[in-house]
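Annotated features in TrEMBL:
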{"type": "ACT_SITE", "residues": "H140", "note": "active site, proton acceptor"}
{"type": "BINDING", "residues": "C148, C151, C199, C202", "note": "Zn(2+) binding site"}
{"type": "DOMAIN", "residues": "16-291", "note": "domain 'Deacetylase sirtuin-type'"}
Amino acid sequence: SVSRASPNLTFVPACLPPDPMEVEELQRFVSNSKKLFVMTGAGISTESGIPDYRSEGVGLYARTDRRPVQHAEFVRSAGARQRYWARNFVGWPQFSSHQPNTAHLVLRDWERLGKLHWLVTQNVDALHSKAGSQRVTELHGCTHRVFCLACGDRISRSELQEHFEALNPTWQAEAFGVAPDGDVFLTDEQVRSFQVPACRTCGGILKPDVTFFGDTVSQEKVSFVHQRLAESDSMLVAGSSMQVYSGYRFALAAREKKLPIAVLNIGPTRLDHFASLKLNSRCGELLPLIV
């Protein structure tokens, strides 16, 4: 049931084809797992055409000096919110149209076959849900949902797009490059006249249901993920350098429990010195080889 659509490699670092010996090692790792805990990162979605932050040569940090919005800045500054939402408004049609790639579909199939106990993704692109995964936790939230910081009222991001269009009927802007998480680059001049709607219920500030840089994941969600990890017998990290502590802490917990850990990522990760197995391959190229 896995799609064989050609991957989009624009934002994927160059790497060698999978080594047959490594494929065998990962096959053995997955076969020996009865309750596999999987954590994914931006590197699993790059083949769907979504750029990441850290990949060598092609990530946002390598290509530009742009940095993602900080939580405190978004909450504190109306100008920062205007800038964020203007960029997001322009980028949303393309970002929301991205589709799952082969790697997402393989993990969905593993779940249906009973191989995968729980999936935790650090991504906010909803591609695992689009693929049909159900035993999944979106650690950092999802850009497809929006909520009010004051009253908690929720709205879908697609519905909010209609409100943006109604408030800005003549506003137009040409994007200068695309960034992760549905963002694009705009000039200050372009952003200046963009109108941002308030919460329809209380007039409060609307924010994507996403953990911005500088914010923290709720303790309730962290505890839930730790419980799923405690039920598991092995851990696979796919497409993440694990540089962000919110995800890295679960690898540390897995090491503490002496669980075998396999890492599939192009480039170095924070787990390389204690992982049982490290593979330097594309997720969408290697995972379909595992049966």
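Backbone N, Cα and C atoms are what each Cβ position is placed from, and that goes for glycine too.
Feature annotations (TrEMBL) mapped to structure.
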residue: H140; record: active site, proton acceptor; Cβ within 10 Å: 21
residue: C148; record: Zn(2+) binding site; Cβ within 10 Å: 19
residue: C151; record: Zn(2+) binding site; Cβ within 10 Å: 12
residue: C199; record: Zn(2+) binding site; Cβ within 10 Å: 19
residue: C202; record: Zn(2+) binding site; Cβ within 10 Å: 13
Pop the mean pLDDT for the domain 'Deacetylase sirtuin-type' (16-291) in here, whole number is fine.
90
Distance [Cα-Cα, Å, rounded] between C202 (Zn(2+) binding site) and H140 (active site, proton acceptor):
25
Distance between C148 (Zn(2+) binding site) and the residue listed as 'active site, proton acceptor' at the Cα atoms, whole Å?
17
Any idea what the Cα distance is from C151 (Zn(2+) binding site) over to the residue listed as 'active site, proton acceptor', rounded to a whole Å?
20
